[in-house]
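Residues annotated as signal peptide in Swiss-Prot: 1-18. Under the heading region 'Catalytic', Swiss-Prot lists 19-453. Annotated active site, nucleophile per Swiss-Prot: 235, in sequence order, evidence recorded as similarity to another entry. According to Swiss-Prot, the feature active site, proton donor maps to 240. The region 'Linker' feature in Swiss-Prot is assigned to 454-477. What Swiss-Prot lists as region 'Disordered' is 458-503. Residues annotated as compositional bias 'Low complexity' in Swiss-Prot: 458-502. Annotation source Swiss-Prot lists disulfide bond at 509-526, 520-536.
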């Protein structure tokens with residue numbers, strides 16, 4: 001389940017792109033230039049990874065919104081200026097968004113690493129942030145993940161209860177919606193076009209217009225509110241986590257790409273009818289603690305959150321190709337040079353350690369949850385979003401809708417200790433966002449070493465009884481683009497400690513057209529996943 005995405009900023013909101021006349025449009029301001037911090041990532045093949053030079057942009061809900069004729073705020077606290085913004089159309093013409101002041105948000109990058117700080121105070125106070133990976137200054141990077149894997153390193157050691165360092169994909173437009181909605185002149189350069197499976201209604205602008213009509217300020221969030229419109233699209237939550245709990249969760253939608261909804265028909269966190277929309281707001285989540293494995297993840301546990309680790313997510317298809325139907329989502333971890341598989345569920349009636357349609361149906365039945373996942377297309381529905389190509393989101397937030405209890409505590413709060421699926425972590429149910437903000441202002445998350453490529457191409461590691469050595473050589477290659485540099489990194493890994501010959505643990509060992517090894521090093525067994533893919537497990 002995914003909670004509210006009500007990210008906070010204490011004095012500001014959205015401005016959008018410039019037109020030179022008074023027609024309705026999202027305007028671009030001129031008070032602060034928009035610049036994008038550099039962030040590298042890697043594309044991998046079976047034997048090498050190519051480093052790609054990208055950058056990140058902060059979501060357009062963060063920068064201050066002011067009048068096009070001066071510096072008067074269009075949005076202060078959680079309220080629109082009634083003169084500048086009497087309605088959606090007029091507000092879009094009167095107001096503009098400038099570049100984000102990253103020194104105020106204290107979002108920092110270094111090489112392939114991104115750090116997001118929780119509470120920051122400069123000229124104004126900011127809570128959390130949401131960023132997108134860019135291909136170039138005006139286009140989001142799109143990822144096609146079917147029959148691929150996605151890997152990144154994360155440090156959650158400074159994320160306590162009540163916080164969510166979320167890394168995920170959404171099916172938003174690569175240009176931020178500029179082509180579809182000509183009144184949006186800001187686009188991806190300024191972080192516009194966000195959508196997710198909650199169909200968020202707290203966005204200040206959607207589809208080139210303001211979200212003023214029907215705006216109701218939040219009662220418990222001094223920076224946010226809810227408008228008449230929401231922005232929907234398929235969402236693949238690779239990682240929602242703090243140092244106590246984590247979850248991987250696909251959320252399909254009837255229409256995978258970005259669409260605008262109205263009022264209660266949006267469903268999700270922001271509507272009285274949670275299941276009244278066209279997306280699955282709950283998703284099908286694999287949280288190890290919720291699945292009965294309470295000693296797998298956390299400080300000092302199998303995955304020790306006191307230290308950084310690698311997260312690997314694989315997207316298998318029914319025919320082993322990038323054009324097939326999504327059939328399974330697998331999860332691995334690497335920590336201390338050791339590959340660690342996702343734990344097996346211990347819930348009665350729910351077996352396995354990966355997400356499939358049958359696993360999701362069994363989990364929904366065991367927990368008594370509404371099966372919106374199946375209703376909105378299940379794995380095939382999620383795969384349709386992945387086939388579109390999705391934008392990478394990296395964020396840190398707290399939850400003014402349900403206090404993040406759905407991730408790391410007991411939810412619903414009136415559940416008993418024997419209620420199936422209610423226990424999601426060890427955190428207390430009594431905390432509130434304002435307490436989290438005042439108690440842990442220095443919390444932060446670090447994402448780094450992002451890689452994508454064919455299955456088993458982005459990570460290496462042994463087991464407790466094996467050791468490995470890695471030799472890496474690099475060379476730079478020129479490109480025709482002045483904005484992008486590609487570096488080829490060739491990695492050779494030699495392992496010892498496992499007896500016999502064959503494919504290493506977790507590697508491919510069979511499938512239609514497979515020409516590599518068909519046996520596994522001891523003690524692993526070549527296990528068939530489908531006709532096109534077998535793996536050493």
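Cβ atoms are placed via backbone N, Cα and C, with glycine included.
Computed from a predicted structure; not experimentally measured.
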*In whole Å, how far is residue 235 (active site, nucleophile) from residue 520 (disulfide bond) when you measure between their Cα atoms?*
35
*Near the Cβ of residue 536 (disulfide bond), how many other Cβ atoms are there if near means within 10 Å?*
21
_Just to verify: the residue among 235, 240 with the fewest other Cβ atoms within 10 Å, which of the active-site residues is it?_
240
*Would you please pick out, from the disulfide-bonded residues 509, 520, 526, the one with the fewest other Cβ atoms within 10 Å of its Cβ?*
526
*For the region 'Linker' (454-477), provide the mean pLDDT of the predicted model.*
53
*Which of the disulfide-bonded residues 509, 526, 536 has its Cα closest in space to the Cα of the residue listed as 'active site, proton donor'?*
536
_Cα-Cα distance linking residue 536 (disulfide bond) and residue 509 (disulfide bond), given in Å to the nearest integer_ = 6
*What is the interatomic distance between the Cα atoms of residue 536 (disulfide bond) and residue 526 (disulfide bond), given in whole Å?*
5
*Taking just the CA atoms, what is the gap between residue 235 (active site, nucleophile) and residue 526 (disulfide bond) in Å?*
32
